[in-house]
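First the structure, in the form of structure tokens, and then the observations on it.
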Amino acid sequence: MGSAALEILGLVLCLVGWGGLILACGLPMWQVTAFLDHNIVTAQTTWKGLWMSCVVQSTGHMQCKVYDSVLALSTEVQAARALTVSAVLLAFVALFVTLAGAQCTTCVAPGPAKARVALTGGVLYLFCGLLALVPLCWFANIVVREFYDPSVPVSQKYELGAALYIGWAATALLMVGGCLLCCGAWVCTGRPDLSFPVKYSAPRRPTATGDYDKKNYV
């Protein structure tokens, strides 16, 4: 696969992963009510996210409430907010860096510098995926630990929500896309012909006898 194809495929994966990360950040489904034992039949289900909590009635009616106070939130929610938003903003910056270093753009002159810019974009997407993976795994670990904690009442136990799975898929796409971008940039650095240089050859001059030198025909 050529370097241009790697860049395009990597950028598409990163854009899809970026969209998934934004979706996971905004969805109020990081943890959902766990139905255990006598709690199987219930009139409502509770969803909790980074920005709001929602209560879904058995009739299908849903009521959401945005968190009023930041200081009243738990440590993991505050950290997840900061890290997830940072990852989303970093992906936005990485998009412009990647486009500047792409072979199909003229923001940077073709050559090793352009390949290094593209490589920087790939590294930023990799770091973005890792940055988003930290709050997802941290939050999931807390939910699982409280789920198996016998001291936590059954009514307060939660399960992993859909937003966590969407976030994990998004981070996977970001990291795979970042790897492809890095590979495409690495191919460019090892192949000077991809910078499309213009080369001129000096005209051959005949010898004193009027004939061209024999070495020109070897």
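Every residue gets a Cβ built from N, Cα and C, even glycine.
Going by Swiss-Prot, the topological domain containing TRP47 carries the same name as the one containing SER151, and both residues are therefore on the same side of the membrane. Long-range contacts of the transmembrane segment (82-102) within the same chain: residues 7, 11, 14-15, 17-18, 21-22, 24-25, 50, 108, 114-122, 124-125, 127-129, 131-132, 134-135, 167, 174, 181, 185, each at least 6 residues beyond the stretch ends and with a Cβ under 8 Å from a Cβ of the stretch. In the topological domain 'Extracellular' (144-159), helix, strand and coil residues by DSSP number 7 helix, 2 strand, 7 coil.
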